[in-house]
Every structure is written in structure tokens, then in C-alpha cells.
Amino acid sequence: LHFSLFLAIYLAALLANGLIITAVACDHHLHTPMYFFLLNLSLLDLGSISTTVPKSIHNSLWNTRTISYLGCCAQVLGFYFFISAEYSILTVMAYDRFVAICRPLHYGTLMDSRACVQMAAAAWASGFLHALLHTGNTFSLPLCQGNEVEQFFCEIPQILKLSCSNSYLREVGLIVVSLCLLFACFIFIVVSYVQIFRAVLRISSEQGRHKAFSMCLPHLAVVSLFLSTGTFADLKPPSISSPALDLVVAVLYSLVPPTLNPLIYSMRNEELKNAL
């Protein structure tokens, strides 16, 4: 059951994100900043789900529960890299929507190809730095409470449970700093959308308002899905924690967004539908 379910989710994510990447890369009508960032988002979704699920599928198929120490390090580094970079890209995409709707006359100047590449590179670089700090800090702790991670992939909270050192407070401090940065990005996204909706409501034509909303609502839905699943995973009280619930929460924040994001973006997007 585990093998079949995870394989179906993984193949769906591969197909959906692969179609988005192919459509954006091959159709010159989609060579715009909005679709450039969408391509980056799909690449990050593919990376995040490919870091965790194939190993889990392999273990369930061969009836094993093992991963090497270096494999675990690589999985933590890869997963947190792709997740962190994805949140940065979503923040950049909010800025792109803000400029397109609130500063349309300056859009070509503010969002030229060079600026887009620089913002995307900054998002990927910040994600790698964030993941490197977490991975180095986590695996520098002495682990002496056994060697069994109660999860289908190497997850930092589960690894910290194996530590017998008080220096885990360093990791807690790093998590607090990360949450502050995430909150700052969240505030930026909220402020951007407040300005966007104020501008949209001032548009006189109904067709113009509909076009603006259809451009913004998919991004807003993806951000909400990403934040709600991630926030619940991080902030759920320890009193309700159990292996079964931890597994469900991990599936929600690690597998559901990469699979649903392409569907959310293509559902009401006629340009993307035509390209596909």
C-alpha cells in the first residue's frame, strides 16, 4: 500500500511539473517573468519530492527501513534547500504580481530578464545557505538516543529527538531565526496583496478585474497551501504528537504541495492550457 500510494503521488508530481517545465521552455508566448518564476517553482517542486520519495519507495518495495548516515545528511540538505528556495521564489512571485498590477508602466524596466535571473539566483542561493546552516548544525550534535528516525525521510525534528546534548538549543535558535525570516517574507506577501487588491478594485472594466484576479489567485492558493501545511508541521503541540500524526503531517507538507501546485496554476490559466 505504501509503495503504490507513494509511487502514484510521485508519478503525478513528475508528470504535472514536467509538463509545466516543458510548456514554459518550448512555447515562446510563455517567455515572460511570470512563467519564468513558475518554471523555477516547478523545478523546486520536482527537486523537493525527488529528495524524499524515491528512497521511501525503494525501502517499501524491498521491505527495508535503512538509510546511510551520508544519505541522511544529503536528504536533509536537499529537502531543506528546495523547500527554502521555493518559499523565496513564492515571495519573488508576489513582487512580480505587485509590479504587474500596481506599476504596469514600469514593469518592463523593473522586471527585465537580468532582474528576473538575479532574483531567481538569489532565491536558490538563499535556500542553499539556509539548508547548509541547518544541516551542519543538526549533524554536528552527538546522537546517542538510538539510530531510528520515526519518519519516511530524514526530518530535522525527528533527528533532534536522537540527540543527548544540550547543544540542541543551537538548532532551536536557528529555527527561531528561520521563522523570523519566514514571517518577514509572509508580511511582504500580505502587504503586496493588499496593494494588489486595492488596485484591482479600482479597475473599471469587469474583464480587467477578472484578468487580474485570475493572475493572482493561483499564486495566493499555492502560498496558502505551502504555509498552512508547513506551519502546522512546525507548530503542532507536542501533546498531540504521535508517529501516525507525524507521518500524515509530513505527507501534507512534503508531498501535497509539489503535486497540487501545477494543477492550481494550470486550472484557470488559458495561456498555459493552450501551450500544453
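Including glycine, each Cβ sits where the backbone N, Cα and C put it.
In TrEMBL, annotation is done automatically, which means it is predicted and not curated.
Annotated signal peptide per TrEMBL: 1-16, in sequence order. Within its own chain, the signal peptide (1-16) has Cβ neighbours under 8 Å at 45-46, 49-50, 53-54, 56-57, 60-61, 152, 255, 258-259, 261-263, counting only residues six or more beyond its boundaries.
Annotation comment: TrEMBL describes 16-265 as domain 'G-protein coupled receptors family 1 profile'.
Look at TrEMBL and you will find 35-54 (among others) tagged as transmembrane segment.
If one looks beyond the transmembrane segment (66-83) by at least 6 residues along the same chain, the residues whose Cβ comes under 8 Å of a Cβ in the stretch are 44-45, 47-48, 51-52, 55, 59, 127-128, 130-132, 134-135, 138-139, 149, 153-156, 159, 230, 254. What TrEMBL lists as transmembrane segment is 66-83 (among others).
Annotation source TrEMBL lists transmembrane segment at 172-200 (among others).
Feature annotation from TrEMBL assigns transmembrane segment to 212-232 (among others). Beyond its flanks by at least six residues, the transmembrane segment (212-232) meets 34, 41, 83, 86-87, 90, 93-94, 97, 100-101, 186, 189, 193, 196, 199-200, 203, 249, 252-253, 256-257, 260-261, 264-265, 267-269 of its own chain at Cβ-Cβ distances under 8 Å.
Taken from TrEMBL, the feature transmembrane segment covers 244-264 (among others).
This prediction places the mean pLDDT of the domain 'G-protein coupled receptors family 1 profile' (16-265) at 86.
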